[in-house]
Amino acid sequence: MSDPVLEIRNLNVEYGLGDQAVRAVRDVNLTLHRGEVLGLAGESGSGKSTLAYGMTRLLAPPGVITGGQVLYHPEQGEAYDVLGLSDRELRGFRWAETAIVFQGAMNSLNPVHKISTQLTDVLKAHRPDMSESARHARAREMLKLVGIAADRMDAYPHQLSGGMRQRVMIGMALILQPQVVIMDEPTTALDVVMQRQILGQLIELRERLGFSVIFITHDLSLLVEFSNRIAIMYGGRIVEEAPAAAIYRDALHPYSKGLLGSFPALRGPRRELTGIPGSPPDLKGMPSGCSFHPRCPKAFEPCSGNIPVLGRPGTPDGPSRSVACWLHPTEQPVG
Amino acid sequence: MKYLLQRIAFYLFTAWAAITLNFFIPRMVPGDPVQALITKYQGQLSTQAIDSLYVLFGLDKDKGLWQEYLDYWGQLFHGDLGLSFTFFPTPVSEIISSSLPWTLLLVGITTIISFFLGTGLGVLAGWRRGSWADGLLPVTTFLSSVPYFWLGIIAIYLLTGPGSFFPSSGGFDNGLVPAFDQYFIPSALRHSVLPALTILISSVSGWILSMRNMMVTVSSEDYITVAHAKGLTDRRVAMSYAARNALLPNVSGFALSLGFIVGGTLLVEIVFSYPGIGFQLFQALGAQDYPLMQGIFLIITISVLVANLIADVAYLLLDPRTRKEG
């Protein structure tokens, strides 16, 4: 496995302060390696987007990071904690090192500014010595990279289709050649054909430019196809992390199995779609022990008592994966 | 462009309808101006004088309503709005042109100051939500609910009087002749301070509130988060992304308020006896001076329409989504 580029250590994010606070992300440990696509899956409210906003310090109030570290390893030089950066350093870090493609494909572009303005103002902020014409040339280059004609530079967002807008966003994300691109449900607003087209293009660009991707979605089928490793979140915690193929073939956590059972396979024998009974937990009143146990078909005695730790399971491929489940007790916690 | 032409056509139609109404309504009122004048002079007019008045008002010829209507339009295009009764025989156009600048300067300048001041403070209050700027809100809510004429009366009661710097009424000191000289201008300025402050205080809070609320709404848009994520400076995000988009409703509100400069602050002018068009309208009402009222209504109508057109154009310039292709 290659070097890590982003290490999340014991990250905790809460909404609100004091007793009323809701813990949306709990003790998350996650490592993104150079050049890989890391999938992050889970139901709505599992904390995946909060995790993404937390590690880039974009949480809107009342969201606060209550603990942990986000270590970023630049291409050259020492690793540093993103959470410890000053406002000025943070501005420099954003987009240049970690760019984000957001959930709302339709609303990520400012409706009153031209595409060119929105592409070039990133360059203006980060490369102040770049000339006006060089900035425009770079913006045109990025549009070409994502397959949009350069004459669309002068278009306003409402003159583009949803797919084109999202491609503009991807082009914008890559304009400073960041090491990490976080994609927060980048294709939810698009139809299936456009989803595949855009994701295929992204993977191709990743191979060419060599950035790493954190790909957040609730659509596990997309992750299985496009990512190298998958982390599954439930109730603000990571419950399982493994290579994509391993998750697909034999997921260890009952929740992961439930997610996999919720969408149809394209090939193979017909099987009944099962889904997961019940609904996601209320973050304000989490069940004791493993937060999944009230919905878990395999829940047994220890599940309601103690929280299982994320660790290496005793399976043959154990070293490459981790799971937090009493069915697979571990002696070797991760993080 | 086509859209703009459509709007202009619409406003021309509206102007025509307003002017036509303006023509017919006084003619539906019983009596005629000569009767009103006879009453005014309490029957001390000779028969010849009455006859000549009828000639003067153009009421001697037994013209049909349609012919009168056409003549009215003809007069309008020559800038002839008829003769005033109260200031007989001064033409209405002369009275309006002498009182209009007062209103335009006083209310116009205060409206512009109020808009820029209020919008600026609103941007600040909306962007720095949760800071000291929130303290502005209860104050502005209170002030925006205070009627400005009442504020004017209070100002006169508390701040004017013998020996006070602020005069209680009028647009300039008695005995001065309106001219651009060192006597008249300071006097006019001194007379305008209280009415201007009254309008400013009561109107600025509306701008603050609406701009602040729009800023708060826009701040939660996705493109604001994207702008932050892009590493732009806080200032750039606040101005070019948040305020730029939040401004749109305020700008159309501003253009509309320009239309109410002429007719909207009647009460302030009455309270301060300010020689503007609102005060003139008030006097015309009291004296049943129909030609003058008609003329002032015409000016008010036209200014509201022009303001609406300005609002449309401003919106076209500021919001690309309203521009239709072709």
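For all residues, glycine too, the Cβ spot is worked out from N, Cα and C.
Note on the transmembrane segment (B:7-25): residues 69, 72-73, 76, 294, 297-298, 301-302, 305, 308-309, 312 of its chain, located 6 or more positions outside it, place their CB under 8 angstroms from a CB of the stretch. Taken from TrEMBL, the feature transmembrane segment covers B:7-25 (among others).
For B:100-311, the entry in TrEMBL reads domain 'ABC transmembrane type-1'.
The transmembrane segment annotation in TrEMBL covers B:102-124 (among others). Tertiary neighbourhood of the transmembrane segment (B:102-124): same-chain residues 133, 136, 171, 192, 195-196, 199-200, 203-212, 214-215, 238, 242-243, 246-247, 250, 254, 257-258, 261-262, 264-265, 268-269, 274-278, selected by CB-CB distance under 8 Å and a gap of 6+ residues from either end.
Taken from TrEMBL, the feature transmembrane segment applies to B:136-159 (among others).
Here the transmembrane segment (B:188-209) has Cβ contacts under 8 Å with residues 105-107, 109-111, 113-115, 117-119, 121-122, 125, 136-137, 139-141, 143-144, 146-148, 151-152, 155-156, 159-160, 165-167, 170-173, 250, 253, 257, 265, 268-269, 271-272, 274 of the same chain, all six or more residues outside its ends. Taken from TrEMBL, the feature transmembrane segment applies to B:188-209 (among others).
As annotated by TrEMBL, transmembrane segment applies to B:254-275 (among others).
Residues or ranges marked as transmembrane segment by TrEMBL: B:295-318 (among others).
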